[in-house]
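Participant: The transmembrane segment feature in TrEMBL is assigned to 6-23, 35-55, 61-83, 95-115, 121-139, 151-171, 183-202, 214-233, 245-264, 273-293.
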Amino acid sequence: MNAVNILIGLMPMIGWGIFPVIVGKIGGKPASQILGTTIGTLILAIVVAIFRGTPIPETKTFIFCLISGACWALAQIITFHVFETMGVSRTMPITTGFQLVGASLWGVFVLGNWSSSQSKLIGFTAIALIIIGVYLTAWSEDKSSASKSGAVKGVLLLLVGELGYLGYSAFPQAVSADGFQGFLPQAIGMTIVGIIFGVTQTKKDYKPFKEATSYKNIFSGFFFAFAALTYLISAQPSVNGLATGFVLSQTSVIFATIGGIYILKEKKSKKEMIAVMVGLLLVLVAGSVTAFIK
């Protein structure tokens with residue numbers, strides 16, 4: 001593995017790490033955030049498809065990838081809602097941990113990964129450590145009933161959202177879709193959901209399609225799409241491979257968490273900062289282990 005490959009592998013870290021921070025900085029309601037993000041992603045996906053001359057996949061693959069993108073958008077809407085109550089610095093480690101656990105369990109029970117007893121022991125131990133890490137990142141010194149109920153509600157919503165993120169990964173696998181061929185249909189699926197959600201949220205005092213934040217968040221979408229695109233490149237066997245590419249991309253949670261604390265000014269006590277850092281370490285290390293288990 002050379003320095004160029006590692007640099008490519010770290011590009012998703014930058015894109016996915018900065019993406020939620022930019023969304024938080026621009027602001028707006030979830031409808032504006034998802035509308036702008038998906039439009040930005042679609043624009044870049046079209047540019048990439050034209051530049052690479054990527055052919056449109058056959059009908060079944062196209063539909064599965066479109067559904068994949070729709071699943072991501074539904075999950076991301078939930079994540080944007082949780083940003084409002086828990087903040088980026090608490091939400092991102094939790095959703096990253098859930099995605100690592102979900103991907104691992106999908107691999108074990110559906111794809112037949114971790115076939116040996118030793119692999120299962122190591123894998124499920126790693127999952128337990130991820131869950132502990134998630135708990136630590138969500139931990140707060142504020143013991144008020146409002147704080148507790150808000151945290152519980154946020155975690156439960158993110159658990160539901162994990163179904164969408166799992167669908168985002170699983171549907172392309174079901175048809176063995178090439179990453180680049182699936183990129184545009186996924187972006188179309190994302191945008192369809194973004195538009196539908198925008199329509200359903202339109203009211204007299206709030207019109208997502210006329211909100212400035214909706215169009216400012218197109219910039220956020222460029223960062224998400226950049227991360228998704230560079231991950232596709234990184235995951236190719238000739239670059240970093242799927243396992244290494246995945247692990248490198250998950251370091252984005254460090255950027256997002258630190259960005260939430262220092263750029264979005266999400267306050268943490270000294271004890272909470274220690275808990276967050278230890279939790280992040282557990283999520284990243286244990287997540288790395290799950291990626292390399294055979």
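Any Cβ shown, glycine's included, is placed from N, Cα and C.
Because TrEMBL annotations are produced automatically, they should be read as predictions rather than curated entries.
Describe the structural context of these features.
Facilitator: Distant neighbours of the transmembrane segment (95-115): 79, 82, 123, 126-127, 130-131, 133-134, 137, 158-159, 161-162, 165-166, 169-170, 173, 250, 252-253, 283, 286-287, 290, 293-294; these residues of the same chain sit at least 6 beyond its ends, with a Cβ under 8 Å from one of its Cβ atoms.
A Cβ distance under 8 Å defines the sequence-distant neighbours of the transmembrane segment (121-139), meaning residues of its chain 6+ beyond its ends; these are 86, 90, 93-94, 97-98, 100-101, 104-105, 108, 114, 151, 154-155, 257, 272, 275-276, 278-283, 285-287, 289-290, 293.
Outside the transmembrane segment (151-171) by six or more residues, the chain places 64-65, 67-69, 71-76, 78-79, 81-82, 85-86, 90-91, 94-95, 98-99, 101-103, 106, 110, 138, 140, 186 with a CB less than 8 A from a CB of the stretch.
With a threshold of 8 Å between CB atoms, the same-chain residues lying at least 6 positions outside the transmembrane segment (183-202) that come near it are 29-32, 34-35, 37-39, 41-42, 44-46, 48-49, 54, 56-57, 61-63, 65-74, 77, 168, 172, 208-209, 214, 225, 228-229, 232.
Away from its own ends, the transmembrane segment (214-233) comes close to residues 8, 11-16, 18-19, 22-23, 26, 28, 31-33, 35-45, 48, 179-180, 183, 187, 198, 208, 239, 245, 249, 252 of its chain (Cβ-Cβ under 8 Å, at least six residues beyond either end).
If you look at the transmembrane segment (273-293), the same-chain residues 6 or more away from its ends with a CB under 8 A from one of its CBs are 89, 93, 96-97, 100, 103-104, 113-114, 119, 122-123, 126-127, 129-130, 132-139, 243-244, 246-247, 250-251, 253-254, 257, 261.
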